[in-house]
Amino acid sequence: MSSEDLSAPGPSAPDSSFTGPSTKFELERETELRLEVEGTDPVRVELVSGLAEVFGTELTRNKKYTFPPGSRAAIFTWHGCTVQLWGSPDVAYVSRDTPMLLYLNTQVGLEQMRAQAEREGERGPRVLVAGPSDVGKSTLCRLLLNYAVRRGRRPTLVELDVGQGSVSVPGTVGALCVERPADVEEGFSAQAPLVYHFGSTTPGTNIKLYNKLTSRLAHVFNLRCDSNRRASVSGCLINTCGWVKGSGYQALIHAASAFEVDVVLVLDQERLYNDLLRDLPHFVRTLLLPKSGGASERSKECRRESRDQRVREYFYGPRGSLYPHAFEIKFSEVRVYKVGAPSIPDSCLPLGMSQEDNQLKLVPVTPGRDMAHHLLSVVPLDGGGAEEGIEERSVAGFIVITGVDTERQTLTVLSPAPRPLPKCVLLIMDIRFMDLK
């Protein structure tokens, strides 16, 4: 369950047996080829001539890149290029209407802030990206992180979108030091992410816990910046969820305060931009940016499949080259909890306890058949085995309950590491995963 267990496999050689119709696209300067792969067959792309990039990662000429079903990508060129495509994507067209120049100008501004921080011994920009669902927040974060790394920086990606899980699996928040551009096919290398258990794909299920974990991430990031000058100068990009009203909006304000952000980038929603402009401190630079025309709304089914794919990649690797372990553990060998007790009338609460306190309570879960297929976070215990503050401790890894035998009192689990489990507490998620591989 060490950080090595979370690492992604290395790139594999292209499959020369790939077949499908072939199309050549000639892209003029400052245009992009937009792709959506929704069917059952992958699509392959090759840069034949010129220069191009995917969300800030440069493409290597004459190398084939595979985009599996569910992929959405934009191949952008600053100077013009030729791209060969194999397969039948649901969407494939060239667009001149792209916000890339605005995004590049944003990166230039952030780099100027980093250079100034370097000269004056200050900290670099801390950037929060906000906006409703499906406007390209994660893509903008990836783009700006890639550009920063290509300039020699080492920014930190902070993932607060519990429904997506770009740092780890869905149902978590986390942070990742980005040291190299994202792989076109696999994303950022998650060698040693810092991950915390939330347990659900929507912050509203336990907003008290969500805000507490946000504060915890900010505290740990501050400690790292205090001890690592390069990390401090490089700053961070904070990706947020698409819930921007009511408690979701207050969670945005809380995140901005906890991380002491300097810059807020709002995608596509003028009302949110004006609200943040009004409610954030005057020194915070709040910018309204357009979303890309390639950003389209995803259905609930598409989101669910995307979450399943993230969990599958955790256990099997992006290319299916990892081999998780299946083994049994006895009921008596594990302690399983859920963070947050069910709401009860205030009159029934213990004296001095509030509903908010109830949201952070560890509730024991008795192993049973209803645990089947649930994802669980593995939280290591210290030498004394104390369970205080478990909800604020970082996660070592994840397991899935694939079977429950109540007669033999055993659980069958899927784990990235072999038995035995470390001395730990298991925190159950609302998220289920059917291991059909």
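From the backbone N, Cα and C atoms, a Cβ is placed for every residue, glycine too.
These numbers come from a predicted model, not from an experiment.
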Just to be sure I read the record right: GLU32, ASP134, VAL135, GLY136, LYS137, SER138, THR139 are listed as binding ATP in Swiss-Prot. Which of ARG61, ARG72, ARG180 is listed for the same site?
ARG72
Could you measure the widest C-alpha to C-alpha distance across GLU32, ARG72, ASP134, VAL135, GLY136, LYS137, SER138, THR139, the residues recorded as binding ATP, and give it to a whole number of angstrom?
19
Identify which of the binding-site residues ARG72, LYS137 has its Cβ surrounded by the largest number of other Cβ atoms within 10 Å, counting every protein chain shown.
LYS137
For LYS137 (ATP binding site): DSSP state (helix, strand, coil):
helix
Least Cβ-crowded entry, counting other Cβ within 10 Å, from the binding-site residues listed as GLU32, ASP134:
ASP134
